[in-house]
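Among the features that Swiss-Prot reports, NADPH binding site is placed at THR15, GLY16, SER17, ILE18, GLY41, ASN129, GLU131, GLY211. Residues annotated as 1-deoxy-D-xylulose 5-phosphate binding site in Swiss-Prot: LYS130, SER156, GLU157, SER182, HIS205, SER218, ASN223, LYS224, GLU227. Per Swiss-Prot, Mn(2+) binding site is recorded for ASP155, GLU157, GLU227.
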Amino acid sequence: MAGSSPRQVAVFGATGSIGTSALDVIARHPERLRASVLSAGSKVDELLALCATHRPAHALIADATLYPALRDGLRARGLATQAHAGAEALDALASSDACDTVVAAIVGAAGLPSTLAAARAGKRLLLANKESLVLAGELLTRTAAAAGAEIIPIDSEHSAIFQCLRSCDASRGVRRVILTASGGPFRGRDRAALAAVTPAQAVAHPKWSMGPKISVDSATLMNKGLEVIEAHHLFGLPGEQIDVLVHPQSLVHSLVEFVDGSTLAQLGLPDMRTTLAVGLAWPERVESGVGGLDLLSQGRLDFEAPDTAAFPCLRLAWDALRAGGTAPAILNAANEVAVSAFLQGQVGFLAIPALVEHTLTTLQRHNADSLDTLLFADAQARQITERALAHHALHA
């Protein structure tokens, strides 16, 4: 990348925690990187502020009713940035010459169409939208391979595995990969204690600065379950070769064990700017704004098995991976509805796995042979979960 024109980066989900971290890294390297496209869901004022700072060629607001506010706000600031709105325009930008790299950081299944559009267009895809892989992993990886798109994961765990696997020809030599989990803010609590957890407590992650949905997923261990499914698709590994360990310090991000007995691990401070810098500059390394890891000051590294009795979402994700087909899409959709209800105070913390399990067992799985099939399963799962929300027995 050195000596060439700057990489043109589209940041989808620019106002979220991952989007702002990506823009922080991009701004540190104006000779190498340029934020050429920025998108947001409905936070038009925040998007306008980012446009004033980064001056992209294009800005998009997903909520089309806010298009006039975006257009007029850009004009009022004297910016030449072109305004866009809606899902179709987002997909068009993802596949256009406006970018060669896409940071896919839109939360939830809403991020899937633009992620697929970027893959079809052969872009470098920095994948922070884990739902795209969980919902349509086979389709996404197949599409990327056919178009020559490069998928670089941004999750710290998958970035760690990516970096370890790129250290050698690992096509046949991997015995297993080990994803680490912080354990979330409620590690060590039993189900009785978890019943009283509030949304404010659940979004206060002990190590990472994240958005509310992914913070709750971390607290339930669903985040780790989704990452198991992601790892299966990203690295072509069967579920039997993917393990999980709880590591409360969040310094060892993942490990790869090889058949010769060697184990490689990637360590670093818990800051998403590190993995974003890896994805933006790979195979080069650039400064990310994150300091080095001082193991002496950290003192110790602890590991323990996950408690799937207290946190059954991890078990449910394993079940969905084993079932295959549309089961992961059903899992993901049910979880999105359940987490949203919890964050709105409609249900308790323990209702999240109860709702997900109810939907997984109620809805029959099918072969995931097309995007339409997957989206239909997603819609059905949401309907079943929303109906179950009215059932008091699930409101744990």
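Cβ coordinates come from backbone N, Cα and C, glycine included.
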I'm trying to understand the geometry here, so how far is the Cα atom of ILE18 (NADPH binding site) from the Cα atom of GLU227 (1-deoxy-D-xylulose 5-phosphate binding site), in Å to the nearest whole number?
17
Measuring Cα to Cα, how many Å separate ASN129 (NADPH binding site) from GLU227 (1-deoxy-D-xylulose 5-phosphate binding site)?
11
Pairwise CA distance, GLY16 (NADPH binding site) versus LYS130 (1-deoxy-D-xylulose 5-phosphate binding site), rounded so that it is a whole Å:
15
Fewest C-beta neighbours within 10 angstroms among the binding-site residues GLU157, GLU227 belongs to GLU157
Provide, as an integer number of angstrom, the distance between the C-alpha atoms of SER17 (NADPH binding site) and ASN223 (1-deoxy-D-xylulose 5-phosphate binding site).
16
Spatially, which candidate from the binding-site residues THR15, GLY41, GLU131, GLY211 is nearest to GLU157 (1-deoxy-D-xylulose 5-phosphate binding site), comparing Cα atoms?
GLU131
For the binding-site residues THR15, ASN223, the one whose C-beta sees the most other C-beta atoms within 10 angstroms
ASN223
